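K.L.:
One structure, as structure tokens, below. Some questions next.
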């Protein structure tokens, strides 16, 4: 990954990007940063800007209105899968004490074939995405069996100290369960949101999500494995079970761990019981009436060149125009944008909007087929309130009463369960054009996104 960017809460941040690539355009998105009243700085080609052309330079300017951990990455198709990403640390209060900040810990899948070539292959194949060839922790990993080279990321800790570790899933396709052998995590943030601390031996981290955890060095002096494992239904990786890093106590006789994993039950769903540290409440009245629904589905058709795979919302795969970003329409007062922009207007400021996101059967060669896949849904420009999730089809009469309006989970990436639903809410308090999309890079490049404008 690229260098980690550091700032303090409230700072004005300026970052200059130069595109030194010979062919591709690019643009940098500051993941999770709300860009409050600075939509032009969101860094999304075709939405808030034109791609930055080879040889050109652009300076992004925005304020750190949140604090915690995040990452920046290219938003030019699946380009970030080649490593065009890095961590962001914005210093601010913490909900639990610690002695040492170990910084960001990026966890990612890795492919030996260039991601643009893979993306084109996936878009024209009914076989689904390929397995990752390996995983990387902070950009490093030992090569799989039968290959040579590489190394584990290593960390040295001192007995009796407490360490803050900033976990970020920067993958293209893989979600992970993560753990440090013999050491519990005290979890203190969920994305950019400080939470009431809770303890876990393993945590699930979907693509784009972040968790800050505190590790207490209270075990026998030695070396211990940190593990990142892909679960069934959460993507596939050819080196699964061997994606690790090493934590070694000062004074340990060996830097090679012999520790064993804590048993756990695998899953591909979000952490539960997350309670934001500062209370927020969502009005419950509007959801008693009509509910806006966004249906997520795959479509596989065939043309003269073979299969064509798209993912869409409400039967439409987004198709943006890099030559004319949607923000240009908005600034010009022109609402004659193409329907393929998948733009939903939210005309009223300071209004609460409620959305049911539902995975529905797709269309494969003209036939309805259920291809149930979990989707990490990411919203730009806002933290959303996650009122509930479930499997099957959402029914407001049955599921509505169980939705949580009293200080619900708040974040910017949440997992839509495979074949299931999620209900989220946010207030229109940040003018602009904001993308909401699946953060599986193959899916968003195949169209799984909408825009909110208001």
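Cβ coordinates come from backbone N, Cα and C, glycine included.
Straight out of Swiss-Prot:
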BINDING   31, 73, 439  Cu cation 2 binding site
BINDING   75, 380, 437  Cu cation 3 binding site
BINDING   375, 438, 443  Cu cation 4 binding site
DOMAIN    1-95  domain 'Plastocyanin-like 1'
DOMAIN    101-252  domain 'Plastocyanin-like 2'
CARBOHYD  24  N-linked glycosylation site
CARBOHYD  138  N-linked glycosylation site
CARBOHYD  169  N-linked glycosylation site
CARBOHYD  218  N-linked glycosylation site
CARBOHYD  314  N-linked glycosylation site
CARBOHYD  334  N-linked glycosylation site
CARBOHYD  395  N-linked glycosylation site
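Quick one: how deep are these features, and who are their neighbours?
P.N.:
Look at residue 31 (Cu cation 2 binding site): DSSP puts it in a strand.
The secondary structure of residue 437 (Cu cation 3 binding site), as reduced to three states from DSSP, is extended strand. Around the Cβ of residue 437 (Cu cation 3 binding site), a 10 Å sphere holds 27 further Cβ atoms from the protein chains shown.
Residue 24 (N-linked glycosylation site) falls within neither a helix nor a strand when secondary structure is assigned with DSSP, and so counts as coil. Using a 10 Å Cβ-Cβ cutoff, residue 24 (N-linked glycosylation site) registers 17 neighbours.
Listed in sequence order, 1, 104, 105, 106, 153, 245 are the same-chain residues at least 6 apart in sequence whose CB falls under 8 Å from the CB of residue 138 (N-linked glycosylation site).
The Cβ neighbour count for residue 169 (N-linked glycosylation site), using a 10 Å radius and every protein chain shown, is 25.
Around residue 218 (N-linked glycosylation site), a 10 Å sphere centred on its CB holds 12 further CB atoms from the protein chains shown.
With a 10 A radius on its CB, residue 314 (N-linked glycosylation site) counts 13 other CB atoms from all the protein chains.
For residue 334 (N-linked glycosylation site), no same-chain residue that is 6 or more apart in sequence has a Cβ closer than 8 Å to its Cβ. Residue 334 (N-linked glycosylation site) falls within neither a helix nor a strand when secondary structure is assigned with DSSP, and so counts as coil.
Other C-beta atoms found within 10 angstroms of the C-beta of residue 395 (N-linked glycosylation site) number 11, with every protein chain shown included.
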K.L.:
Compute the average pLDDT of the predicted model within the domain 'Plastocyanin-like 2' (101-252).
P.N.:
97
K.L.:
Below 8 Å Cβ to Cβ and six or more residues apart, same chain only. Which residues does that give for residue 31 (Cu cation 2 binding site)?
P.N.:
70, 71, 72, 73, 88, 208, 378, 412
K.L.:
Work out how many Å separate residue 439 (Cu cation 2 binding site) and residue 169 (N-linked glycosylation site) at their Cα atoms, rounded off.
P.N.:
11
K.L.:
When the Cα-Cα distance from residue 438 (Cu cation 4 binding site) is computed for each of the recorded positions 169, 380, 395, which gives the smallest value?
P.N.:
380
K.L.:
Apart from 31, 73, 439, which residues in this chain have a Cβ no more than 8 Å from the mean position of the Cβ atoms of those residues at the Cu cation 2 site?
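P.N.:
Neighbours found: 29, 71, 75, 80, 85, 170, 207, 208, 378.
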K.L.:
Name the secondary structure element type, per DSSP in three states, that contains residue 395 (N-linked glycosylation site).
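P.N.:
Looking at the DSSP assignment, residue 395 (N-linked glycosylation site) belongs to neither helix nor strand, so coil.
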